[in-house]
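The next block holds one structure in the form of structure tokens; read it before the comments.
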Amino acid sequence: MAISKPSPAIPEPLIETLEARELVIDIPGRPAGRPLYLRIAPGERWGVLGPNGAGKTTLLHTLAGLRAPRSGEVRLGGKPLSRLTRRALARRLGIVFQTHHDDFPATVRETALIGRHPFIVPWQQEGPEDLARAEAALERLDLSHLADRELSTLSGGERQRVSLATLLTQAPQLWLADEPTNHLDLHHQVAVMELLAEQAARGCGVVMCLHDLNLAARWCSHLLLLYPGGEVCWGEADSMLVPSALEGLYGQALTTAMVDGAPVFVPKR
Amino acid sequence: MADASVHRVSRKRRLRPLAWLALAALLALAIALALGSVGIAPDELAAVLLGGGDALHQTLVLELRLPRALAAFGTGALLALAGALMQILLRNPLADPYVLGLSGGASVAALLAMLAGASMALVSGAAFVGALVSILIVFGLAHGTGSWTPTRLLLTGVVMAAGWGALISFLLAVSPVDQLPGMLYWLMGDLAYAGSPWPVLSVAVISLLVVTPLGRTLNVLARGGLQAAALGVAVRPLEWTLYLLASLLTAVAVTTAGSVGFVGLMVPHMLRLRLGNDQRLILPASLLAGGTLLTLADTLARTLIAPQQLPVGVITALLGVPSFLYLLSRSR
């Protein structure tokens, strides 16, 4: 399909689809593997599963336009990411990283507030509305009581929730999350998965890298299995949760049980 | 309504420290004008500044002390601003304007010019060219290699600085003994030959106008390159702008006063300990506090053991080190 300039007559769709076309992520020294064709439609919750070093983070960064693919392309709302400015992209797509760089002092509130950066022109200050959004996001993640605290004084799980609060303040249409439940206690793991599900229900697309098969089984509508050799398969969650496939993915024998109508996977001793 | 008042408070929180720092800057300039071989009382100083007063005082204040005080202020302002920018660029609170080897390049060129018997103006010109050469070498080496990270820039700069350091030692070792004091003064930073203050002052004002709209973007960059890119910052162009800007500011400062140490490292860092890390506050505050510190240090340098003058770099270190350690021990 030829790409022409969008004519002003066609309004930009409010809800956008993230597409990967013939995408091969670039991991140096790794064979190309099978190219990806993905359509992450509004309302879908994608889980990316795979062992350490399989390329989950690289895939997520490539989908976010932060890393060039080896071949193929990623499109948002039909437009290749490379043709969007960083700012236009950041207004629609947001990502939570696995690691944080807190080299300089900053408070929790300031950190949530930077989620508004893509929406404020350089010479403008954050307005009351921006602050209100940040406060609401902190409230949603149980962080209001920590708003004035320095990041360096937070626990790992609290810091992780601050990152999610920043993304909630950014309020993109596409949510990419690299191990969003890292460092979180059980209650907050569920709370974060509920938050992501709630965003999907609003019409956002969600992609998350996960290590917990049971969270993936319970909260994801689609799964993508990434093998260390570059092989990859994907589909609806029900069709992907095959014990033998998962055992092959991790090289770990599993016991499967059904709890509340959903499969539960436990590693065999 | 509650949110609107929070917003106003946060803006006020930025303006109040700046007002205090501006007051301190004016006070420091007044002290620099009043102190010296001939002390001038506050009322006499006011008379001179208003165009009256005694003729000797007029010459002293307007022709001798004012240009030097303004040059000191401008140099300190540039160094502190460059330090604050370099710290954000390298995501390292311990970076200073010289960490990437720029002062080394300037020093080698200045020492060579002194060896060749050049005039002070030519030595300054050579220092500027040396700084530019160093900027371009580091830029070329760090830029030419595909994957670029602040760490690679830092390593390239640090190794360049080590190389320049060796050349400086070599030049000092082979220089005639009677030239050594002048060279050492230059290396430690000295405002005795500063000349016109207008280049540093105008560069300081222009650079503040350039970086002020960037403040919020720099706050985001301080969170790391990936996070900044994910929030819509064009990271690479911004980083190169920062590198070139901070380097040029340092080059102008070094050209005026030699390599004055500590101001660029400590002033932004001390301000961050007290005021947090909002660049919209830290950058103008660094400018004012850096200028104030160097103005006071230079006043001490020329009065402490008068008529003998000390290199101002010695004073900044002697003043800066204990106050920095004090602040550090009182912070968390």
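Cβ atoms are placed via backbone N, Cα and C, with glycine included.
Taken from TrEMBL, the feature transmembrane segment covers B:69-90 (among others).
Non-local neighbours of the transmembrane segment (B:97-116) in the same chain are 79, 82-83, 86, 90, 122-135, 137-138, 153-154, 156-165, 167-168, 171-172, 175, 179, 182-183, 186-187, 243, 246-247, 249-251, 253-255, 258-259, 261, 264; each lies 6+ residues outside the stretch with a CB under 8 Å from one of its CB atoms. What TrEMBL lists as transmembrane segment is B:97-116 (among others).
Taken from TrEMBL, the feature transmembrane segment covers B:122-141 (among others).
Taken from TrEMBL, the feature transmembrane segment applies to B:153-172 (among others). Residues 89-90, 92, 95, 98-105, 107-108, 111-112, 115, 134, 137-138, 141-142, 180, 183-184, 187, 243 of the same chain sit 6 or more residues outside the transmembrane segment (B:153-172) yet have a Cβ under 8 Å from a Cβ within it.
If you look up TrEMBL, you'll see B:192-211 (among others) marked as transmembrane segment. For the transmembrane segment (B:192-211), the list of distant contacts is 67-75, 77-78, 81, 85, 120-121, 123-124, 185, 218, 245, 248-249, 252-253, 256-257, 279, 283-284, 287, 291, 302, 309: same-chain residues at least six beyond its ends, Cβ to Cβ under 8 Å.
Residues annotated as transmembrane segment in TrEMBL: B:242-268 (among others). Under 8 Å from some Cβ of the transmembrane segment (B:242-268) lie the Cβ atoms of residues 71-72, 74-76, 78-89, 94-98, 100, 102-103, 106-107, 110, 124-125, 127-128, 131-132, 135, 139, 153, 185-191, 194-195, 199-200, 203-204, 207, 210-211, 218, 282, 286, 289-290, 293-294, 311-313, 316-317, 320-321, 324, all in the same chain and six or more residues away from its ends.
Per TrEMBL, the feature transmembrane segment maps to B:309-328 (among others). For the transmembrane segment (B:309-328), same-chain residues at least 6 beyond its ends with a Cβ under 8 Å from one of its own Cβ atoms are 72, 184-185, 188-192, 257-263, 266, 269-270, 273-274, 293-294, 296-298, 300-302.
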